[in-house]
Amino acid sequence: MSRETVVNFILAALLLAVPLLANAVGQPFYITLATRIAILALAATGLNLALGLGGLVSFGHAAFFGIGGYAAGILATHGFSGEPLVFGLSGTNQMLVIWIVAAVTAGLAGLAIGAISLRTSGVYFIMITLAFAQMVYYFAVSWPAYGGEDGLSILVRNQFPGVSTMRPLSFFLICYVVLLAAIGLFALIRASRFGSALQAARQNPVRVATVGIRPFRIRLTAFAISAMMTALAGALFADLNRFVSPSMLSWHMSGELIVLIILGGTGRLFGPLAGAALYVIIEYALGGITERWQFFLGLILLGVVLFARGGLLGFIAGKARHG
Amino acid sequence: MVEPVLQISDLVKSFGALRATDGVTLDLHPGEIHALIGPNGAGKSTLIHQICGTVRQDSGTIRFAGQDIGGLGVAERAQRGLGRTFQVSSLAPEFSALRNVMLAVQAKQGSSFRFFKPAMLDRSLTEPAMTVLDRVGLAERARIPASELSHGERRQLEIAIALALGSRAFLLDEPMAGMGPEGSKTLTRFLDRLRQEAPILLVEHDMDAVFALADRISVLVYGRIIATGTVEDIRRDPAVRSAYLGDHD
């Protein structure tokens, strides 16, 4: 077993142990904290597929995160009020349905945004993904039907068959399982033929084209899968806070997801989880001392970029091997 | 007469006032090595770029395996069997030699949209890839990342990738570049056998290799082919001697 595998196991075990312990001693706040880590890690795992494997630095993944959040919020609102949504379809309070709607919507949005953005690269790609996300952001701000700038409350957390989602630990476990499933999917994709083509397209697109694979299609598919995963996290995030607002769509959110990945280790299987854990812990620990905790986050990020390019995982587990 | 595999007619490409390719006509027959030589700046690279599709010609046609490929992209030309190597090695540096070749194998199988089966455990990829690595003498280095291979090994790996594609013609852009004398000799022997598999358009500065291998030689100077013929024809051609070979004798 490689050192990275050991670190991964420890991370996964810790993330499970903390809420269990918190539950045992009656400290639900820490369960919420762990849930936040799991959800942010899920969102960043989605982005990691595009950014880490594909080298596609999307500065617009907040769009997909927010689309997932609004899918949950809007469906729950209609489910609660009983008003039909569109074409006589009603809302729902079933997470499973919400997840599918969130993922499909974001997947289609990802295809559309990707189809245009992926014709550019480098700084232009970063800027065009940002521009698309800002369009979605301002659309949400100016859409009064679902709260506009004020956002939309979800009065009762959505339901999952056989689980009482209002219990913090149960909701955490749902998020935890979804996160592990996403990480598993990421691992499968990374090792697959598709993953070979995607990673090769990051390392050397000319090489990929020269063997007869068009990088564009590979990247577009990865971008859409990435969007779906991040949207799933958005739906869970809305359920965690029982609130969704345009802030989920803001460019700060896009930046935060990139920061999580860089902190944890770009392209690493558990990089997003390591990054999300570090981020939330810093936010909590330093946020209690000073309002300017982000200053210190900036310093840490600077340190990682300058001295530990592989992020936390690269620092602990060494250089990645690709087979 | 057998139809040429690759046939380039009246190809023209200008960059501003410079005619980098000035009415080039060139063909490649089955089983032959056709060497393209010329001094630096003669337009060899521009010509190669047009053949593989990274640069679009202003006019003229490129026919490959009986079809006009002049309007196709790089990937489509590769899919039709145009295998190339680069003047400066172009590999996926983080991948092992094996996975670099496996990428070509999966491209040939047309199966890059498979998401779940681990590629490294897929024998329909690893076995053909190991076979070609063995042929170019890299079998023992299969698990080494391309970035850690020596210069010569990277050149061999490029050829392995072109082989794995099952190319119908090879476009080798200075395969000897930067190789030591031993490496050049080994590679020369290898290319000599390779022509049975598919014809080679060889761009090369190493004249020993060119004279040893080429069935025909074309000399490119200022974007024009000034002579085409056998090794003996080219050696004797006065225009070639003054334009090019004169420097060497």
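Every residue, even glycine, has its Cβ placed from backbone N, Cα and C.
Annotated in TrEMBL:
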- A:36-56: transmembrane segment (TRANSMEM)
- A:63-81: transmembrane segment (TRANSMEM)
- A:96-116: transmembrane segment (TRANSMEM)
- A:123-146: transmembrane segment (TRANSMEM)
- A:166-189: transmembrane segment (TRANSMEM)
- A:220-238: transmembrane segment (TRANSMEM)
- A:258-282: transmembrane segment (TRANSMEM)
- A:294-317: transmembrane segment (TRANSMEM)
Sort out the residues at least 6 away from either end of the transmembrane segment (A:294-317), same chain, that have Cβ-Cβ distances under 8 Å to it, and list them. 2-4, 6-7, 259, 261-266, 268, 270-271, 274-275, 278-279, 282-283, 286
Can you work out which residues elsewhere in the same chain, 6+ from the ends of the transmembrane segment (A:258-282), have a Cβ less than 8 Å from its Cβ atoms? 4, 7-8, 11-12, 14-15, 33, 36-38, 40-45, 47-48, 51-53, 57, 59, 179, 183, 186-187, 190, 293, 296-297, 300-301, 304-305, 310-314, 317, 320
With a Cβ cut-off under 8 Å, give me the same-chain residues at least six positions beyond the ends of the transmembrane segment (A:220-238) that come close to it. 39-40, 42-43, 45-50, 53-54, 56, 58, 61, 64-73, 95, 98-99, 102-107, 109-111, 113-115, 117-118, 154, 174-175, 178, 182, 185, 189, 194, 198, 244, 248, 257
Top Cβ-contact partner of the transmembrane segment (A:123-146) among A:63-81, A:96-116, A:166-189 (pairs under 8 Å): A:63-81
With the cut-off at Cβ under 8 Å and a gap of six or more residues from its ends, the chain residues touching the transmembrane segment (A:36-56) are 15, 64-65, 118, 125, 172, 175-176, 178-179, 182-183, 186, 189-190, 195, 198-199, 201-203, 218-219, 222-223, 225-234, 236-237, 240, 256-258, 260-261, 264, 266-268, 271-273, 275-277, 279-280
Restricting to the same chain and to residues at least six past its boundaries, which positions have a Cβ under 8 Å from a Cβ of the transmembrane segment (A:63-81)? 43, 46, 90-93, 97-98, 101-103, 105-106, 109-110, 113, 132-133, 136-137, 140, 146, 152-156, 158, 226-228, 230-239, 243-244, 246, 248-249, 253-254, 257
